[in-house]
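One structure follows; several queries about it will come next.
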Amino acid sequence: MASVGTLAFDEYGRPFLIIKDQDRKSRLMGLEALKSHIMAAKAVANTMRTSLGPNGLDKMMVDKDGDVTVTNDGATILSMMDVDHQIAKLMVELSKSQDDEIGDGTTGVVVLAGALLEEAEQLLDRGIHPIRIADGYEQAARIAIQHLDKISDNVLVDINNPEPLIQTAKTTLGSKVVNSCHRQMAEIAVNAVLTVADMERRDVDFELIKVEGKVGGRLEDTKLIKGVIVDKDFSHPQMPKEVLNAKIAILTCPFEPPKPKTKHKLDVTSVEDYKALQKYEKEKFEEMIAQIKETGANLAICQWGFDDEANHLLLQNGLPAVRWVGGPEIELIAIATGGRIVPRFSELTSEKLGFAGVVREISFGTTKDKMLVIEQCKNSRAVTIFIRGGNKMIIEEAKRSLHDALCVIRNLIRDNRVVYGGGAAEISCALAVSQEADKCPTLEQYAMRAFADALEVIPMALSENSGMNPIQTMTEVRARQVKESNPALGIDCLHKGSNDMQYQHVIETLIGKKQQISLATQMVRMILKIDDIRKPGESEE
């Protein structure tokens with residue numbers, strides 16, 4: 001009892017509790033708590049709303065160290081936002097879970113959750129209980145997800161005909177910084193995924209796709225390399241710049257003479273001793289180099305470094321080498337070349353060598369930067385997307401954009417059903433939910449109508465960001481959908497003169513759209529069930 005507060009009695013002997021540090025705690029209850037939550041969620045959603053769609057604007061995020069990030073990716077914007085409010089933090093988590101699960105649609109899910117809470121606020125003002133609103137939203141989400149199944153189309157996932165996959169990837173990349181060359185980027189992403197995809201298991205191992213970037217050149221110079229790029233060069237400038245039919249020894253053991261395992265000290269008292277030590281080291285290095293060459297290897301890739309003496313001997317013996325290659329790259333090289341990683345020098349045999357058709361060094365512009373490209377590998381299922389760009393920010397944003405595109409293509413390989421974008425799916429779902437709401441005899445029908453109105457916020461935001469009159473555009477498209485019974489009619493964001501998203505090839509994955517609706521609804525349900533907040537005051541913190 002003492003930890004909570006003290007028990008006291010009034011003049012009539014009735015007990016009451018004096019809560020400890022009550023003056024230093026802040027507390028919100030009931031409707032006031034709900035309104036506080038809704039306001040915080042709306043603030044986050046409104047920030048994200050202008051980033052939605054192909055004409056969405058980018059955000060510049062500056063962190064505490066002064067590093068600048070310019071991005072259009074919802075998950076990145078929210079993860080870099082400095083938010084204090086506990087509900088705003090939940091919105092950040094919501095976007096992250098969409099990113100982890102689907103990879104795309106991170107902005108849309110936050111905008112939808114914000115719209116649902118905004119509608120819930122109006123229902124609360126009308127005196128409807130939050131649990132009834134939450135139940136109505138749950139029913140409406142179920143109807144919307146069932147309706148998405150009905151209006152979905154199947155896309156042919158075929159290695160010989162990648163065009164449908166390219167169109168879907170183009171939709172994802174349309175709102176990104178790379179949209180000036182989004183056809184090329186979409187093709188690169190599709191080719192990368194199809195190269196590493198396991199079509200029998202309908203799965204893609206992203207570990208086999210490496211995305212590298214180098215400042216310089218233009219975005220259009222980005223290319224897909226069927227092999228591995230390592231941000232290293234040959235250890236000696238006089239080594240050959242290209243090795244053909246490379247047999248690669250992949251070493252994770254130190255390339256140096258063996259040392260005693262115990263703590264030891266070496267006393268060198270004369271010049272002869274020093275020369276003897278030098279001779280021993282040289283002989284050991286030559287022995288190691290001979291051992292590598294005996295296996296038939298003509299290239300050594302080491303995780304650790306080696307000194308200049310060893311480097312010079314490697315050059316003299318005509319064995320090109322690369323040093324200080326990181327662990328993940330070593331693994332990728334081993335997968336690509338079909339080689340085995342050698343942790344002990346004594347275990348090196350010819351069976352453990354990797355094979356690559358060509359290993360070459362590439363240099364960039366006038367800088368001294370060099371990279372190694374390992375191509376024509378034994379296992380062609382490891383690929384690298386090599387991005388070029390004018391500055392570091394563009395390259396980082398291009399990496400994020402390509403990540404979204406790769407995720408979307410992977411989702412299509414797993415489940416090849418799609419719905420049409422441009423707000424078409426949301427308008428169609430809103431109409432379906434409204435029709436069901438009319439048949440609902442209970443109080444939940446108000447929440448279901450509110451859910452339908454919230455779904456329409458997505459197409460309205462798209463038209464607003466494209467410089468159109470949102471209400472007029474929205475009502476015209478909705479009326480046409482009802483009249484023509486065509487769920488592919490959406491907002492013509494790119495001003496192509498047609499509202500038919502099937503004709504414009506604006507395609508989104510069904511799995512991503514379903515996830516958006518269910519995640520946003522779960523989040524809103526959780527927020528509506530909170531009616532009391534207690535947190536420490538400033539002095540207690």
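Every residue, even glycine, has its Cβ placed from backbone N, Cα and C.
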Of GLY390, GLY422, GLY467, which does Swiss-Prot put in the ATP site with GLY53, THR106, THR107?
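Among the candidates, Swiss-Prot records only GLY422 at this ATP site.
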Fewest other Cβ atoms within 10 Å: which of the recorded positions LYS265, LYS275, LYS279, LYS513 wins that one? Let me know.
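Comparing Cβ neighbour counts within 10 Å for the recorded positions LYS265, LYS275, LYS279, LYS513 gives LYS265.
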Can you check what DSSP calls LYS214 (SUMO2 cross-link), collapsed to helix, strand or coil?
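The residue in question, LYS214 (SUMO2 cross-link), is strand (DSSP, three-state).
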I need the least crowded one of these recorded positions (THR106, THR107, SER175, SER346), counting other C-beta atoms within 10 angstroms of each C-beta.
SER346
Going by C-alpha positions, which of the recorded positions (LYS210, LYS214, LYS265, LYS279, LYS513) is nearest THR106 (ATP binding site)?
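Nearest by Cα distance to THR106 (ATP binding site): LYS513.
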Which of the listed binding-site residues (GLY53, GLY422) has the least company, meaning the fewest other Cβ atoms within 10 Å of its Cβ?
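The binding-site residues GLY53, GLY422 were compared, and GLY53 has the fewest Cβ atoms within 10 Å.
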Could you tell me the C-alpha distance between LYS265 (SUMO2 cross-link) and GLY422 (ATP binding site) in angstrom, no decimals?
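Each residue's Cα considered, LYS265 (SUMO2 cross-link) and GLY422 (ATP binding site) end up 73 Å apart.
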Taking the Cα atoms as reference points, how far is LYS214 (SUMO2 cross-link) from LYS513 (ADP binding site) in Å?
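A Cα-Cα distance of 34 Å.
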In angstrom units, rounded to an integer, how far apart are the Cα atoms of LYS279 (SUMO2 cross-link) and SER175 (ADP binding site)?
64
